[in-house]
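These come from Swiss-Prot:
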BINDING   11, 43, 44, 45, 67, 68, 69, 100  5-amino-6-(D-ribitylamino)uracil binding site
BINDING   72, 73, 115  (2S)-2-hydroxy-3-oxobutyl phosphate binding site
ACT_SITE  75  active site, proton donor
């Protein structure tokens, strides 16, 4: 059984809550277990908890769940690009998948609501990657 850790952003929680629920349902559908869930203030705060989860022997992959909505500045782009870069670095450092279930940047609230399936897609990706890496 694949064991997943979720790191979930509280910012735009109405949207990340829906993303989390779809991710939970899909993990159960795929027969994966989610023994760890960590809430963080925002997407930019994800790297340290991701690192801690990746250090655990009973975590096969980490799922990130977040939503970054466009504002009046380029803040959304800076947040997502830097988080994605560091998340990828951690995946390579620990040799475990970290699936990007983060919607944004450059989207409106309405677009974000239409993208709540990103959490589900991240679970799908992580479970596939764990199984394929185990076969190498």
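Every residue, even glycine, has its Cβ placed from backbone N, Cα and C.
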C-alpha spacing of residue 72 ((2S)-2-hydroxy-3-oxobutyl phosphate binding site) relative to residue 44 (5-amino-6-(D-ribitylamino)uracil binding site), in angstrom: 18
The one of 45, 72 whose CB sees the fewest other CB atoms within 10 Å, among these binding-site residues: 72
Residues satisfying Cβ distance under 8 Å from residue 67 (5-amino-6-(D-ribitylamino)uracil binding site), sequence separation of at least 6: 9, 11, 12, 15, 16, 19, 43, 102, 103, 104, 112, 115
Candidate with sparsest Cβ neighbourhood (10 Å radius) among 43, 68, 100, the listed binding-site residues: 100
Secondary structure at residue 73 ((2S)-2-hydroxy-3-oxobutyl phosphate binding site), reduced by DSSP to three states: coil
Helix, strand or coil at residue 45 (5-amino-6-(D-ribitylamino)uracil binding site) [DSSP, three-state]: helix
Least Cβ-crowded entry, counting other Cβ within 10 Å, from the recorded positions listed as 11, 44, 73, 75: 73
